[in-house]
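Accompanying notes for the structure given below.
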(Lines of atoms letter the chains of each structure in order from A and count residues from 1; the text may use other names and numbers.)
(Lines give C-alpha, C1' and ligand atoms only; values in the text may rest on other atoms or scores of the structure.)
Protein backbone atom coordinates (compact mmCIF):
# COMPACT_ATOMS: atom_id res chain seq x y z
CA UNK A 1 0.00 0.00 0.00
CA UNK A 2 2.85 2.35 0.81
CA UNK A 3 4.47 1.65 -2.56
CA UNK A 4 1.20 2.39 -4.39
CA UNK A 5 0.85 5.68 -2.52
CA UNK A 6 4.41 6.57 -3.49
CA UNK A 7 3.57 5.81 -7.12
CA UNK A 8 0.57 8.14 -6.94
CA UNK A 9 2.79 10.94 -5.61
CA UNK A 10 5.22 10.29 -8.47
CA UNK A 11 2.33 10.45 -10.94
CA UNK A 12 1.15 13.75 -9.45
CA UNK A 13 4.65 15.22 -9.88
CA UNK A 14 5.15 13.85 -13.40
CA UNK A 15 5.69 16.47 -16.10
CA UNK A 16 3.78 14.26 -18.54
CA UNK A 17 0.79 14.21 -16.19
CA UNK A 18 0.92 18.02 -16.14
CA UNK A 19 1.19 18.11 -19.93
CA UNK A 20 -1.86 15.87 -20.37
CA UNK A 21 -3.80 18.01 -17.88
CA UNK A 22 -2.82 21.13 -19.85
CA UNK A 23 -4.11 19.51 -23.05
CA UNK A 24 -7.46 18.87 -21.37
CA UNK A 25 -7.56 22.45 -20.10
CA UNK A 26 -6.81 23.82 -23.57
CA UNK A 27 -9.55 21.62 -25.03
CA UNK A 28 -12.04 23.85 -23.17
CA UNK A 29 -10.11 27.12 -23.40
CA UNK A 30 -11.09 28.29 -26.89
CA UNK A 31 -14.07 30.29 -25.67
CA UNK A 32 -13.70 32.94 -28.36
CA UNK A 33 -14.06 30.37 -31.15
CA UNK A 34 -17.68 29.76 -30.10
CA UNK A 35 -18.75 33.39 -30.40
CA UNK A 36 -20.05 32.78 -33.91
CA UNK A 37 -22.40 30.15 -32.48
CA UNK A 38 -23.70 32.15 -29.52
CA UNK A 39 -23.94 35.55 -31.24
CA UNK A 40 -27.22 34.72 -33.12
CA UNK A 41 -28.85 33.87 -29.77
CA UNK A 42 -27.71 37.18 -28.27
CA UNK A 43 -28.81 39.07 -31.38
CA UNK A 44 -32.32 37.62 -31.46
CA UNK A 45 -32.88 37.74 -27.68
CA UNK A 46 -31.74 41.34 -27.20
CA UNK A 47 -32.90 42.70 -30.55
CA UNK A 48 -29.47 43.82 -31.74
CA UNK A 49 -28.66 44.76 -35.32
CA UNK A 50 -25.52 43.65 -37.16
CA UNK A 51 -23.57 46.76 -36.21
CA UNK A 52 -24.28 46.25 -32.51
CA UNK A 53 -23.36 42.58 -32.82
CA UNK A 54 -20.06 43.61 -34.45
CA UNK A 55 -19.29 45.72 -31.37
CA UNK A 56 -19.72 42.60 -29.22
CA UNK A 57 -17.31 40.83 -31.57
CA UNK A 58 -14.73 43.55 -31.02
CA UNK A 59 -15.15 43.18 -27.25
CA UNK A 60 -14.63 39.42 -27.65
CA UNK A 61 -11.44 39.91 -29.68
CA UNK A 62 -10.06 42.37 -27.14
CA UNK A 63 -10.86 40.04 -24.25
CA UNK A 64 -9.18 37.17 -26.08
CA UNK A 65 -5.98 39.11 -26.77
CA UNK A 66 -5.48 41.77 -24.09
CA UNK A 67 -3.58 39.92 -21.40
CA UNK A 68 -1.31 42.48 -19.74
CA UNK A 69 -2.94 41.91 -16.35
CA UNK A 70 -2.86 38.17 -16.97
CA UNK A 71 0.91 38.17 -17.45
CA UNK A 72 1.44 40.27 -14.32
CA UNK A 73 -0.86 38.15 -12.14
CA UNK A 74 0.71 34.92 -13.35
CA UNK A 75 4.06 36.22 -12.05
CA UNK A 76 2.60 37.32 -8.69
CA UNK A 77 -0.04 34.69 -7.92
CA UNK A 78 0.54 30.96 -7.58
CA UNK A 79 -0.40 29.03 -10.70
CA UNK A 80 -3.60 27.68 -9.14
CA UNK A 81 -4.57 31.22 -8.15
CA UNK A 82 -4.25 32.43 -11.74
CA UNK A 83 -6.44 29.57 -12.96
CA UNK A 84 -9.01 30.40 -10.29
CA UNK A 85 -9.10 34.04 -11.44
CA UNK A 86 -9.61 32.91 -15.04
CA UNK A 87 -12.42 30.56 -14.05
CA UNK A 88 -14.11 33.33 -12.04
CA UNK A 89 -13.90 35.80 -14.96
CA UNK A 90 -15.29 33.26 -17.41
CA UNK A 91 -18.17 32.30 -15.12
CA UNK A 92 -19.03 35.89 -14.21
CA UNK A 93 -18.90 37.30 -17.75
CA UNK A 94 -20.76 34.65 -19.72
CA UNK A 95 -22.89 33.61 -16.75
CA UNK A 96 -24.36 37.09 -16.52
CA UNK A 97 -24.89 37.20 -20.29
CA UNK A 98 -26.82 33.91 -20.00
CA UNK A 99 -29.01 35.33 -17.22
CA UNK A 100 -29.77 38.39 -19.37
CA UNK A 101 -30.53 36.34 -22.50
CA UNK A 102 -32.87 34.01 -20.58
CA UNK A 103 -34.65 36.97 -18.97
CA UNK A 104 -33.70 36.12 -15.38
CA UNK A 105 -32.12 39.54 -14.77
CA UNK A 106 -32.86 42.95 -16.33
CA UNK A 107 -31.28 43.78 -19.68
CA UNK A 108 -28.18 45.99 -19.57
CA UNK A 109 -27.12 48.61 -22.13
CA UNK A 110 -24.91 47.57 -25.04
CA UNK A 111 -21.70 48.92 -23.50
CA UNK A 112 -22.30 46.83 -20.36
CA UNK A 113 -22.87 43.68 -22.44
CA UNK A 114 -19.58 44.44 -24.24
CA UNK A 115 -17.81 44.61 -20.87
CA UNK A 116 -19.32 41.27 -19.82
CA UNK A 117 -18.22 39.63 -23.09
CA UNK A 118 -14.73 41.11 -22.61
CA UNK A 119 -14.51 39.81 -19.03
CA UNK A 120 -15.79 36.35 -19.91
CA UNK A 121 -13.45 35.89 -22.86
CA UNK A 122 -10.50 37.34 -20.94
CA UNK A 123 -10.66 34.29 -18.68
CA UNK A 124 -9.30 32.33 -21.65
CA UNK A 125 -6.00 34.24 -21.46
CA UNK A 126 -5.42 32.84 -17.96
CA UNK A 127 -6.00 29.27 -19.14
CA UNK A 128 -3.60 29.76 -22.08
CA UNK A 129 -0.90 31.50 -20.06
CA UNK A 130 -0.91 28.97 -17.21
CA UNK A 131 -0.77 26.03 -19.61
CA UNK A 132 2.06 27.44 -21.71
CA UNK A 133 4.17 28.78 -18.83
CA UNK A 134 3.92 25.52 -16.89
CA UNK A 135 4.67 23.17 -19.78
CA UNK A 136 7.42 25.26 -21.38
CA UNK A 137 9.22 25.25 -18.03
CA UNK A 138 8.67 21.51 -17.68
CA UNK A 139 9.93 20.78 -21.23
CA UNK A 140 12.62 23.43 -21.81
CA UNK A 141 14.23 21.53 -24.69
CA UNK A 142 10.93 20.72 -26.45
CA UNK A 143 9.29 24.14 -26.55
CA UNK A 144 8.15 23.94 -30.17
CA UNK A 145 6.19 20.67 -29.89
CA UNK A 146 4.77 21.59 -26.48
CA UNK A 147 3.52 25.03 -27.54
CA UNK A 148 2.22 23.70 -30.86
CA UNK A 149 0.25 20.87 -29.27
CA UNK A 150 -1.27 23.07 -26.56
CA UNK A 151 -2.23 25.87 -28.96
CA UNK A 152 -3.57 23.24 -31.33
CA UNK A 153 -5.97 21.90 -28.72
CA UNK A 154 -7.06 25.47 -27.96
CA UNK A 155 -7.79 26.03 -31.64
CA UNK A 156 -9.82 22.84 -31.87
CA UNK A 157 -11.76 23.47 -28.66
CA UNK A 158 -14.55 25.26 -30.51
CA UNK A 159 -15.28 22.11 -32.52
CA UNK A 160 -15.02 19.96 -29.37
CA UNK A 161 -17.44 22.14 -27.39
CA UNK A 162 -19.83 22.28 -30.33
CA UNK A 163 -19.89 18.48 -30.49
CA UNK A 164 -20.70 18.32 -26.77
CA UNK A 165 -23.51 20.84 -27.28
CA UNK A 166 -24.91 18.76 -30.16
CA UNK A 167 -25.06 15.83 -27.75
CA UNK A 168 -27.12 17.92 -25.30
CA UNK A 169 -29.66 18.42 -28.10
CA UNK A 170 -31.28 21.27 -26.20
CA UNK A 171 -34.06 23.18 -27.98
CA UNK A 172 -33.03 26.23 -25.94
CA UNK A 173 -30.07 27.69 -27.85
CA UNK A 174 -29.23 29.88 -24.85
CA UNK A 175 -28.00 26.72 -23.12
CA UNK A 176 -24.86 26.96 -25.25
CA UNK A 177 -24.03 30.23 -23.46
CA UNK A 178 -24.57 28.43 -20.15
CA UNK A 179 -22.16 25.67 -21.24
CA UNK A 180 -19.56 28.26 -22.24
CA UNK A 181 -19.89 29.92 -18.82
CA UNK A 182 -19.83 26.80 -16.66
CA UNK A 183 -17.87 24.15 -18.61
CA UNK A 184 -14.44 25.80 -18.93
CA UNK A 185 -14.67 27.18 -15.38
CA UNK A 186 -15.31 23.73 -13.88
CA UNK A 187 -12.50 22.15 -15.90
CA UNK A 188 -10.08 24.90 -14.83
CA UNK A 189 -11.01 24.46 -11.16
CA UNK A 190 -10.64 20.70 -11.46
CA UNK A 191 -7.14 21.02 -12.94
CA UNK A 192 -5.83 24.03 -11.01
CA UNK A 193 -3.64 21.92 -8.70
CA UNK A 194 -2.39 19.71 -11.56
CA UNK A 195 -1.23 22.15 -14.25
CA UNK A 196 1.91 23.72 -12.77
CA UNK A 197 5.71 23.68 -13.10
CA UNK A 198 7.15 20.53 -11.50
CA UNK A 199 10.85 20.78 -12.32
CA UNK A 200 10.32 18.75 -15.47
CA UNK A 201 13.85 19.33 -16.76
CA UNK A 202 14.97 16.77 -14.14
CA UNK A 203 12.60 14.07 -15.47
CA UNK A 204 14.19 13.21 -18.82
CA UNK A 205 13.47 9.60 -19.87
CA UNK A 206 14.73 7.52 -22.81
CA UNK A 207 11.08 6.98 -23.81
CA UNK A 208 10.28 10.71 -24.16
CA UNK A 209 10.66 10.50 -27.92
CA UNK A 210 8.09 7.72 -28.13
CA UNK A 211 5.79 9.66 -25.81
CA UNK A 212 5.83 12.70 -28.10
CA UNK A 213 5.22 10.41 -31.08
CA UNK A 214 2.13 9.01 -29.33
CA UNK A 215 0.84 12.52 -28.61
CA UNK A 216 1.32 13.48 -32.27
CA UNK A 217 -0.57 10.35 -33.26
CA UNK A 218 -3.46 11.35 -30.97
CA UNK A 219 -3.46 14.84 -32.52
CA UNK A 220 -3.66 13.48 -36.08
CA UNK A 221 -6.35 10.99 -35.09
CA UNK A 222 -8.35 13.72 -33.37
CA UNK A 223 -8.11 16.05 -36.38
CA UNK A 224 -9.14 13.31 -38.83
CA UNK A 225 -11.97 12.18 -36.57
CA UNK A 226 -13.36 15.68 -36.05
CA UNK A 227 -13.21 16.34 -39.79
CA UNK A 228 -15.11 13.13 -40.50
CA UNK A 229 -17.73 13.84 -37.83
CA UNK A 230 -18.27 17.39 -39.13
CA UNK A 231 -18.78 16.17 -42.69
CA UNK A 232 -21.15 13.35 -41.68
CA UNK A 233 -23.24 15.60 -39.42
CA UNK A 234 -23.42 18.21 -42.19
CA UNK A 235 -24.65 15.73 -44.81
CA UNK A 236 -26.77 13.30 -42.79
CA UNK A 237 -29.49 13.78 -40.17
CA UNK A 238 -28.15 11.59 -37.35
CA UNK A 239 -30.08 10.01 -34.52
CA UNK A 240 -29.37 10.85 -30.91
CA UNK A 241 -27.80 7.42 -30.36
CA UNK A 242 -25.27 7.93 -33.15
CA UNK A 243 -24.39 11.40 -31.86
CA UNK A 244 -23.84 9.91 -28.39
CA UNK A 245 -21.51 7.29 -29.86
CA UNK A 246 -19.58 9.96 -31.80
CA UNK A 247 -19.16 12.11 -28.68
CA UNK A 248 -18.12 9.11 -26.55
CA UNK A 249 -15.38 8.25 -29.06
CA UNK A 250 -14.26 11.89 -28.95
CA UNK A 251 -13.90 11.71 -25.16
CA UNK A 252 -11.92 8.47 -25.44
CA UNK A 253 -9.49 10.10 -27.87
CA UNK A 254 -9.08 13.10 -25.56
CA UNK A 255 -8.47 10.84 -22.54
CA UNK A 256 -6.05 8.49 -24.32
CA UNK A 257 -2.83 10.50 -23.64
CA UNK A 258 -3.18 9.68 -19.94
CA UNK A 259 -1.60 6.29 -20.73
CA UNK A 260 1.76 8.08 -21.07
CA UNK A 261 2.18 9.23 -17.44
CA UNK A 262 0.47 6.05 -16.20
CA UNK A 263 2.91 3.80 -18.07
CA UNK A 264 5.90 5.88 -16.97
CA UNK A 265 4.79 5.71 -13.34
CA UNK A 266 3.48 2.15 -12.99
CA UNK A 267 5.50 0.50 -15.76
CA UNK A 268 9.10 -0.74 -15.70
CA UNK A 269 11.51 1.71 -14.07
CA UNK A 270 13.63 3.54 -16.65
CA UNK A 271 17.15 4.71 -16.02
CA UNK A 272 17.01 8.53 -16.09
CA UNK A 273 19.10 10.35 -18.63
CA UNK A 274 21.38 13.20 -17.71
CA UNK A 275 19.41 16.13 -16.33
CA UNK A 276 18.02 18.36 -19.08
CA UNK A 277 19.61 21.74 -18.54
CA UNK A 278 17.46 24.83 -18.83
CA UNK A 279 18.33 26.61 -22.05
CA UNK A 280 20.95 29.29 -21.52
CA UNK A 281 23.53 30.71 -23.90
CA UNK A 282 26.73 28.83 -23.17
CA UNK A 283 29.27 30.86 -21.29
CA UNK A 284 26.98 33.68 -20.14
CA UNK A 285 25.46 32.48 -16.90
CA UNK A 286 28.65 31.73 -14.99
CA UNK A 287 30.53 34.75 -16.13
CA UNK A 288 28.09 37.62 -16.32
CA UNK A 289 27.19 37.84 -12.65
CA UNK A 290 30.44 39.40 -11.56
CA UNK A 291 32.46 40.17 -14.67
CA UNK A 292 33.49 43.68 -15.64
CA UNK A 293 32.53 44.42 -19.22
CA UNK A 294 34.49 47.01 -21.14
CA UNK A 295 32.76 49.27 -23.61
CA UNK A 296 34.89 47.90 -26.46
CA UNK A 297 34.65 44.23 -25.53
CA UNK A 298 31.75 43.35 -27.84
CA UNK A 299 33.46 45.15 -30.71
CA UNK A 300 36.82 43.48 -30.14
CA UNK A 301 35.41 39.99 -29.55
CA UNK A 302 35.63 37.73 -32.65
CA UNK A 303 32.25 36.80 -34.08
CA UNK A 304 32.88 33.06 -33.72
CA UNK A 305 33.76 33.30 -30.02
CA UNK A 306 30.15 32.59 -28.96
CA UNK A 307 30.35 29.26 -30.78
CA UNK A 308 33.22 28.02 -28.61
CA UNK A 309 32.67 25.69 -25.62
CA UNK A 310 31.84 27.50 -22.40
CA UNK A 311 35.24 27.09 -20.68
CA UNK A 312 37.21 28.05 -23.78
CA UNK A 313 34.95 31.07 -24.35
CA UNK A 314 35.45 32.27 -20.77
CA UNK A 315 39.21 31.86 -21.12
CA UNK A 316 39.28 33.91 -24.34
CA UNK A 317 37.07 36.63 -22.83
CA UNK A 318 39.30 36.80 -19.75
CA UNK A 319 42.38 37.24 -21.94
CA UNK A 320 40.69 39.91 -24.03
CA UNK A 321 39.48 41.76 -20.93
CA UNK A 322 42.96 41.63 -19.42
CA UNK A 323 44.38 43.42 -22.44
CA UNK A 324 41.53 45.94 -22.45
CA UNK A 325 41.89 46.58 -18.70
CA UNK A 326 45.55 47.35 -19.25
CA UNK A 327 44.56 49.75 -22.00
CA UNK A 328 41.96 51.26 -19.69
CA UNK A 329 44.63 51.89 -17.06
CA UNK A 330 46.52 53.87 -19.66
CA UNK A 331 43.37 55.88 -20.48
CA UNK A 332 42.75 54.31 -23.89
CA UNK A 333 39.31 52.88 -23.10
CA UNK A 334 36.50 53.53 -20.64
CA UNK A 335 35.39 50.80 -18.23
CA UNK A 336 31.72 50.18 -17.53
CA UNK A 337 29.54 47.32 -16.38
CA UNK A 338 27.27 45.68 -18.90
CA UNK A 339 23.64 46.57 -18.26
CA UNK A 340 20.70 44.45 -19.29
CA UNK A 341 20.52 40.81 -20.37
CA UNK A 342 21.84 39.23 -23.54
CA UNK A 343 19.70 37.25 -26.01
CA UNK A 344 18.64 33.99 -24.44
CA UNK A 345 18.66 35.34 -20.89
CA UNK A 346 15.66 36.47 -18.86
CA UNK A 347 14.17 39.79 -20.02
CA UNK A 348 11.39 41.76 -18.43
CA UNK A 349 8.68 43.01 -20.78
CA UNK A 350 10.07 46.55 -20.64
CA UNK A 351 13.58 45.31 -21.46
CA UNK A 352 12.23 43.29 -24.39
CA UNK A 353 10.25 46.25 -25.75
CA UNK A 354 13.44 48.20 -26.48
CA UNK A 355 15.00 45.34 -28.44
CA UNK A 356 14.85 45.21 -32.23
CA UNK A 357 14.51 41.40 -32.14
CA UNK A 358 11.25 41.64 -30.21
CA UNK A 359 9.71 44.12 -32.65
CA UNK A 360 10.87 42.11 -35.67
CA UNK A 361 9.07 39.11 -34.19
CA UNK A 362 5.96 41.14 -33.30
CA UNK A 363 5.62 42.91 -36.67
CA UNK A 364 6.19 39.64 -38.53
CA UNK A 365 3.43 38.16 -36.36
CA UNK A 366 1.08 41.07 -37.14
CA UNK A 367 1.55 40.67 -40.89
CA UNK A 368 1.34 36.88 -40.98
CA UNK A 369 -1.18 36.08 -38.25
CA UNK A 370 -3.26 39.19 -38.95
CA UNK A 371 -3.72 38.29 -42.62
CA UNK A 372 -4.65 34.72 -41.68
CA UNK A 373 -7.24 35.84 -39.15
CA UNK A 374 -8.72 38.20 -41.74
CA UNK A 375 -9.39 35.22 -44.00
CA UNK A 376 -10.96 33.31 -41.11
CA UNK A 377 -13.22 36.25 -40.20
CA UNK A 378 -14.30 36.80 -43.82
CA UNK A 379 -14.71 33.19 -44.97
CA UNK A 380 -18.47 33.64 -45.31
CA UNK A 381 -18.25 36.59 -47.69
CA UNK A 382 -15.26 35.11 -49.54
CA UNK A 383 -17.01 31.82 -50.26
CA UNK A 384 -20.30 33.52 -51.19
CA UNK A 385 -18.57 35.90 -53.60
CA UNK A 386 -17.07 32.86 -55.38
CA UNK A 387 -20.46 31.18 -55.69
CA UNK A 388 -20.39 28.73 -52.78
CA UNK A 389 -23.78 28.49 -51.06
CA UNK A 390 -22.58 26.93 -47.81
CA UNK A 391 -19.61 28.49 -46.06
CA UNK A 392 -19.89 26.03 -43.15
CA UNK A 393 -17.58 23.50 -44.79
CA UNK A 394 -14.80 26.09 -45.15
CA UNK A 395 -15.18 27.19 -41.53
CA UNK A 396 -14.91 23.57 -40.39
CA UNK A 397 -11.97 22.87 -42.68
CA UNK A 398 -9.91 25.88 -41.68
CA UNK A 399 -10.35 25.02 -37.99
CA UNK A 400 -8.81 21.60 -38.70
CA UNK A 401 -5.98 23.07 -40.80
CA UNK A 402 -5.39 25.64 -38.06
CA UNK A 403 -5.05 22.80 -35.55
CA UNK A 404 -2.66 20.84 -37.78
CA UNK A 405 -0.67 24.01 -38.50
CA UNK A 406 -0.12 24.58 -34.78
CA UNK A 407 0.91 21.00 -34.14
CA UNK A 408 2.97 20.73 -37.33
CA UNK A 409 4.56 24.15 -36.85
CA UNK A 410 5.88 23.13 -33.46
CA UNK A 411 7.17 19.81 -34.79
CA UNK A 412 8.89 21.23 -37.88
CA UNK A 413 10.42 24.18 -36.03
CA UNK A 414 11.83 21.75 -33.46
CA UNK A 415 13.54 19.81 -36.25
CA UNK A 416 15.03 23.09 -37.48
CA UNK A 417 16.58 23.97 -34.11
CA UNK A 418 17.45 20.45 -32.96
CA UNK A 419 18.77 18.70 -36.03
CA UNK A 420 20.19 21.72 -37.85
CA UNK A 421 20.92 24.16 -34.98
CA UNK A 422 19.24 26.87 -37.04
CA UNK A 423 17.08 29.70 -35.66
CA UNK A 424 13.41 28.80 -35.18
CA UNK A 425 12.13 31.87 -37.12
CA UNK A 426 13.36 30.14 -40.29
CA UNK A 427 10.38 27.78 -39.95
CA UNK A 428 8.13 30.82 -39.46
CA UNK A 429 9.42 32.31 -42.71
CA UNK A 430 8.64 29.06 -44.55
CA UNK A 431 5.06 29.00 -43.29
CA UNK A 432 4.62 32.67 -44.22
CA UNK A 433 5.57 31.78 -47.79
CA UNK A 434 2.94 29.04 -47.66
CA UNK A 435 0.39 31.67 -46.58
CA UNK A 436 1.45 33.87 -49.49
CA UNK A 437 0.53 31.11 -51.93
CA UNK A 438 -2.74 30.53 -50.08
CA UNK A 439 -3.75 34.20 -50.33
CA UNK A 440 -3.02 34.17 -54.07
CA UNK A 441 -5.17 31.06 -54.59
CA UNK A 442 -8.10 32.70 -52.79
CA UNK A 443 -7.64 35.95 -54.70
CA UNK A 444 -7.56 34.29 -58.12
CA UNK A 445 -10.90 32.59 -57.61
CA UNK A 446 -10.10 29.58 -59.81
CA UNK A 447 -12.40 26.51 -59.57
CA UNK A 448 -11.51 24.72 -56.34
CA UNK A 449 -8.93 27.33 -55.37
CA UNK A 450 -10.93 28.23 -52.24
CA UNK A 451 -10.25 24.75 -50.86
CA UNK A 452 -6.51 25.02 -51.53
CA UNK A 453 -6.38 28.58 -50.20
CA UNK A 454 -8.09 27.77 -46.91
CA UNK A 455 -5.78 24.75 -46.48
CA UNK A 456 -2.59 26.79 -46.94
CA UNK A 457 -3.74 29.85 -44.98
CA UNK A 458 -5.04 27.69 -42.13
CA UNK A 459 -1.76 25.78 -41.85
CA UNK A 460 0.30 28.99 -41.97
CA UNK A 461 -1.86 30.87 -39.48
CA UNK A 462 -1.78 28.01 -37.00
CA UNK A 463 1.99 27.65 -37.26
CA UNK A 464 2.46 31.23 -36.03
CA UNK A 465 0.96 30.31 -32.66
CA UNK A 466 3.39 27.44 -32.19
CA UNK A 467 6.58 29.08 -33.45
CA UNK A 468 6.35 32.65 -32.15
CA UNK A 469 5.77 31.88 -28.42
CA UNK A 470 8.57 29.28 -28.48
CA UNK A 471 10.90 31.79 -30.16
CA UNK A 472 10.07 34.46 -27.59
CA UNK A 473 10.86 32.08 -24.73
CA UNK A 474 14.23 31.24 -26.29
CA UNK A 475 15.33 34.79 -27.04
CA UNK A 476 13.87 36.52 -23.97
CA UNK A 477 13.81 33.80 -21.30
CA UNK A 478 11.19 31.98 -19.26
CA UNK A 479 11.05 34.09 -16.11
CA UNK A 480 8.63 36.66 -17.60
CA UNK A 481 7.27 34.49 -20.39
CA UNK A 482 3.64 35.11 -19.35
CA UNK A 483 3.91 38.86 -19.86
CA UNK A 484 5.87 38.47 -23.12
CA UNK A 485 3.38 35.97 -24.54
CA UNK A 486 0.36 38.10 -23.71
CA UNK A 487 1.92 41.13 -25.38
CA UNK A 488 2.57 39.10 -28.53
CA UNK A 489 -1.12 38.10 -28.65
CA UNK A 490 -1.90 41.75 -29.39
CA UNK A 491 -0.72 40.96 -32.92
CA UNK A 492 -4.16 39.49 -33.66
CA UNK A 493 -6.33 42.57 -32.95
CA UNK A 494 -3.72 44.86 -34.52
CA UNK A 495 -3.60 42.69 -37.63
CA UNK A 496 -7.38 42.41 -37.98
CA UNK A 497 -7.75 46.18 -37.49
CA UNK A 498 -5.40 46.81 -40.40
CA UNK A 499 -6.36 43.99 -42.74
CA UNK A 500 -10.06 43.44 -42.03
CA UNK A 501 -11.35 46.85 -40.98
CA UNK A 502 -9.13 49.19 -43.01
CA UNK A 503 -8.47 47.06 -46.12
CA UNK A 504 -10.79 44.10 -46.71
CA UNK A 505 -14.12 45.67 -45.71
CA UNK A 506 -13.49 48.92 -47.58
CA UNK A 507 -12.37 47.23 -50.79
CA UNK A 508 -15.33 44.82 -50.61
CA UNK A 509 -17.82 47.69 -50.17
CA UNK A 510 -16.14 49.58 -53.00
CA UNK A 511 -16.47 46.66 -55.41
CA UNK A 512 -20.04 45.98 -54.26
CA UNK A 513 -20.99 49.60 -54.87
CA UNK A 514 -19.41 49.49 -58.33
CA UNK A 515 -21.47 46.40 -59.18
CA UNK A 516 -24.63 48.00 -57.80
CA UNK A 517 -24.06 51.06 -60.02
CA UNK A 518 -23.12 49.16 -63.14
CA UNK A 519 -19.34 49.39 -62.70
CA UNK A 520 -19.07 53.16 -62.34
CA UNK A 521 -15.85 54.38 -60.73
CA UNK A 522 -16.22 55.63 -57.17
CA UNK A 523 -13.91 57.53 -54.88
CA UNK A 524 -12.53 55.31 -52.08
CA UNK A 525 -13.10 58.13 -49.61
CA UNK A 526 -16.87 57.68 -49.95
CA UNK A 527 -16.89 53.96 -49.26
CA UNK A 528 -17.92 54.21 -45.61
CA UNK A 529 -21.07 56.14 -46.42
CA UNK A 530 -21.89 53.69 -49.24
CA UNK A 531 -21.84 50.54 -47.12
CA UNK A 532 -25.61 50.18 -47.54
CA UNK A 533 -27.79 50.99 -50.51
CA UNK A 534 -30.83 53.22 -50.59
CA UNK A 535 -33.09 50.41 -49.37
CA UNK A 536 -31.00 49.90 -46.25
CA UNK A 537 -29.89 46.41 -47.32
CA UNK A 538 -26.29 45.35 -47.06
CA UNK A 539 -24.49 45.43 -50.41
CA UNK A 540 -23.20 42.16 -51.85
CA UNK A 541 -20.28 41.65 -54.16
CA UNK A 542 -19.94 38.72 -56.56
CA UNK A 543 -16.89 37.31 -58.30
CA UNK A 544 -13.19 36.95 -57.56
CA UNK A 545 -12.73 40.73 -57.87
CA UNK A 546 -14.33 41.23 -54.42
CA UNK A 547 -11.23 39.99 -52.59
CA UNK A 548 -8.62 39.97 -55.36
CA UNK A 549 -6.94 43.21 -54.31
CA UNK A 550 -7.22 42.37 -50.60
CA UNK A 551 -5.68 38.94 -51.13
CA UNK A 552 -2.92 40.42 -53.27
CA UNK A 553 -2.08 42.99 -50.60
CA UNK A 554 -2.02 40.31 -47.89
CA UNK A 555 0.16 38.07 -50.06
CA UNK A 556 2.61 40.94 -50.55
CA UNK A 557 2.73 41.70 -46.84
CA UNK A 558 3.28 38.02 -46.07
CA UNK A 559 6.38 38.26 -48.26
CA UNK A 560 7.46 41.27 -46.17
CA UNK A 561 6.85 39.17 -43.04
CA UNK A 562 9.04 36.43 -44.51
CA UNK A 563 11.82 38.97 -45.02
CA UNK A 564 11.52 40.19 -41.43
CA UNK A 565 11.65 36.60 -40.15
CA UNK A 566 14.76 35.86 -42.17
CA UNK A 567 16.39 39.07 -40.91
CA UNK A 568 15.65 37.81 -37.38
CA UNK A 569 17.26 34.50 -38.36
CA UNK A 570 20.39 36.37 -39.41
CA UNK A 571 20.50 38.32 -36.16
CA UNK A 572 19.97 35.31 -33.86
CA UNK A 573 21.95 32.51 -35.53
CA UNK A 574 24.75 32.75 -32.95
CA UNK A 575 22.46 32.57 -29.93
CA UNK A 576 20.66 29.52 -31.37
CA UNK A 577 24.01 27.85 -31.98
CA UNK A 578 24.78 28.55 -28.33
CA UNK A 579 21.37 27.33 -27.10
CA UNK A 580 21.17 24.19 -29.19
CA UNK A 581 24.84 23.40 -29.82
CA UNK A 582 25.83 19.76 -30.09
CA UNK A 583 27.33 19.74 -26.62
CA UNK A 584 23.98 20.57 -25.01
CA UNK A 585 21.71 18.53 -27.30
CA UNK A 586 20.74 14.91 -27.93
CA UNK A 587 19.05 14.58 -24.55
CA UNK A 588 15.62 14.11 -26.01
CA UNK A 589 14.02 12.51 -29.06
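From the backbone N, Cα and C atoms, a Cβ is placed for every residue, glycine too.
What TrEMBL lists as domain 'Nodulin-like' is 15-262. Here the domain 'Nodulin-like' (15-262) has a mean pLDDT of 87 out of 100.
As annotated by TrEMBL, transmembrane segment applies to 16-42 (among others).
According to TrEMBL, the transmembrane segment annotation covers 62-89 (among others). If you look at the transmembrane segment (62-89), the same-chain residues 6 or more away from its ends with a CB under 8 A from one of its CBs are 31-32, 117-127, 129-130, 133-134, 184-186, 188-189, 191-193, 195-197, 349, 480, 482-487, 489-490, 492-493.
The transmembrane segment annotation in TrEMBL covers 95-119 (among others).
Long-range Cβ contacts of the transmembrane segment (149-168) within its own chain (Cβ-Cβ under 8 Å, at least 6 residues beyond either end) map to 22-23, 26-31, 33-34, 37, 128, 131-132, 135, 175-176, 179-180, 183, 215-216, 219, 222-223, 226, 229-230, 233, 243-244, 246-247, 250, 254, 396, 399-400, 402-404, 406-407, 410, 462, 465-466, 469. According to TrEMBL, the transmembrane segment annotation covers 149-168 (among others).
Look at TrEMBL and you will find 174-194 (among others) tagged as transmembrane segment.
For 214-236 (among others), the entry in TrEMBL reads transmembrane segment.
Residues or ranges marked as transmembrane segment by TrEMBL: 242-264 (among others).
The domain 'NFD4 C-terminal' annotation in TrEMBL covers 352-515.
Here TrEMBL flags 358-376 (among others) as transmembrane segment.
Feature annotation from TrEMBL assigns transmembrane segment to 391-413 (among others).
The transmembrane segment annotation in TrEMBL covers 425-444 (among others).
Counting only same-chain residues 6+ beyond the ends of the transmembrane segment (484-504), those with a CB under 8 A from a CB of the stretch are 61-62, 64-68, 70-71, 125, 128-129, 132-133, 347, 349, 352-353, 361-362, 365-367, 369-371, 373-374, 377-378, 468-469, 472-473, 476, 547, 550, 553-554. TrEMBL lists 484-504 (among others) with the feature transmembrane segment.
If one looks beyond the transmembrane segment (547-570) by at least 6 residues along the same chain, the residues whose Cβ comes under 8 Å of a Cβ in the stretch are 357, 360-361, 363-364, 367-368, 371, 374-375, 378, 381-382, 385, 422-423, 425-426, 428-429, 432-433, 435-437, 439-440, 442-445, 460, 499, 503-504, 507-508. According to TrEMBL, the transmembrane segment annotation covers 547-570 (among others).
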Legend entry - Remote residues contacting the transmembrane segment (174-194) - C-beta distance under 8 A, at least 6 residues beyond either end: 12, 17-18, 21-22, 24-25, 28-29, 31, 34, 37-38, 41-42, 45, 79-80, 83-84, 86-88, 90-91, 93-95, 97-98, 101-102, 120, 123-124, 126-127, 161, 164-165, 168
Legend entry - the transmembrane segment (358-376) vs the transmembrane segment (16-42): 3 or more CB pairs under 8 Å: no
Inset, instruction - Between the transmembrane segment (391-413) and the stretches 16-42, 214-236, 425-444, work out which stretch tops the count of Cβ pairs under 8 Å. - result: 214-236
